[in-house]
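Student: Have a look at the structure that comes next, please.
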Protein chains: 2
Amino acid sequence: MSGERRRRVPRRIREQQIIDVAVQVFARRGYHPASVDEIAELAGISKPMVYLYLDSKEGLFLACLRREAERLVAAFQGAARDVRTPELRLWAGLSAFFAFVAEHRDSWVVLHRQASQLSEAITAEVAQARRAVMAEVAGLVRDGIGEALGPVPVADEEADFVAHALVGAADSLTDWMERHPGESPERVTRRLMNMVWVGMRNVLAGEIWTPPAGSGAPGPEPAGTPGAPAAPEHSVQE
Amino acid sequence: MSGERRRRVPRRIREQQIIDVAVQVFARRGYHPASVDEIAELAGISKPMVYLYLDSKEGLFLACLRREAERLVAAFQGAARDVRTPELRLWAGLSAFFAFVAEHRDSWVVLHRQASQLSEAITAEVAQARRAVMAEVAGLVRDGIGEALGPVPVADEEADFVAHALVGAADSLTDWMERHPGESPERVTRRLMNMVWVGMRNVLAGEIWTPPAGSGAPGPEPAGTPGAPAAPEHSVQE
DNA sequence: GAGTAAATTTACTGGTGAGTAAGATTACGA
DNA sequence: TCGTAATCTTACTCACCAGTAAATTTACTC
């Protein structure tokens, strides 16, 4: 066959190669079922190299986590930078998120789906990453709404609520995108923004929608609309 | 305590006891790190019993999955039944969901977080359960909007989009609830409904919100999509 | 071309956990 | 009372996999 001898490669590069493969394998199999042997083999290397460079399986996973999280956050912030209004920054951030996931599906799987049932350190890392994203989004929300709505005392709690809903929706829409390859990240973003933009303002300004009273529905009755009209009229001050 | 001899128990009951424990352990540790030995021990039973009744670790997990999914769907549908308008049904369904998660956190963890990186059969089961939930929600959305908006041609695709966003948001808000124990499921539901109700109509009626044109908007999409046939990239109708 | 540090390998250990064989014990009806 | 079917246990096997010891080879420097 080919006389292709396995060339030696400096540590930095090898590390990245290992992490590249590891992200794929972790995404494919999940943390525990993934074996270091397989990762080493796919990386065209022997197992002790992995341990020499990344310390342990957990260390390897942490490295994957950190690198991919950094990339995602960078994409998010990079898109939002240099954009004037907070509304547009939110748009840009979401758009970048969808584009990122569309292009680096493995990264997203590792970051999100796989990182639950792991040992302390990892769980902490993931939780921190998630908190960071939440904070970022919550900030955009707060700023965006603050500007659009004027000096309204926007409680952090409210912004946090909106951020959670937004991130969760975006995350879930990731699956939807997978089944609709024709959809561009921009289009998905537009739909999502359209879906929540007005509502965000409502929530942050205090709740407006209430479940129409009566009608064996759960909960107390604020008794706002007696006849339970199908669509509670919203203050859509666009 | 001491003199208490271990009574024999008929199969049906033992199975439920085993599943009870398994749900806890799977939720706590995750699928792979969970050991059948531990589950057996906590169930006050020896390992072969588990294999006799549930066939395998995978069978055990599947049993957990099926039971908890059934419970969740039952709660969801039970709440929506006997409610007149679709809008209220959606409200009732979401409310029931939040109440369920608040009360059976382990069930939700098993159903959602743990069920990703597993062998064929399990992945399929989970995917099916998720699809069922999505379909349910999408149906409510379509009906609710259809009634509120009159005879509008609501594409299934649009309803599916909204359903994904809704379910994802609800899922994520689960975490938010954990950090806000004072919040009742009803209140969370109200906020979420307030946030998306108007937007849903917008999305289903065709997109309204568009990123304001020009303004140095995010253009970080250099990679060629110039000839994209499916989605007109810059349909920024002002 | 030595000399040296970095890159890399072969060949192991030890522990853990899924799954099972073979049999012991209890309830329960005829 | 006795049989028998269901319930339950002890005591294994076997494979897989994280992690390591010790050496071996390559590249780079002087």
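Every residue gets a Cβ built from N, Cα and C, even glycine.
What TrEMBL records for this protein is below:
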type     : residues  : note
DNA_BIND : A:35-54   : DNA-binding region
COMPBIAS : A:222-232 : compositional bias 'Low complexity'
DOMAIN   : A:12-72   : domain 'HTH tetR-type'
REGION   : A:209-238 : region 'Disordered'
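Relative to the rest of the structure, where do these features sit?
Tutor: For the DNA-binding region (A:35-54), same-chain residues at least 6 beyond its ends with a Cβ under 8 Å from one of its own Cβ atoms are 6, 11, 14-15, 17-18, 20-22, 24-25, 60, 63.
Secondary structure of the domain 'HTH tetR-type' (A:12-72) per DSSP, as helix, strand and coil residue counts: 49 helix, 0 strand, 12 coil.
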Student: Across the domain 'HTH tetR-type' (A:12-72), what does the mean pLDDT come to, as a whole number?
Tutor: 95
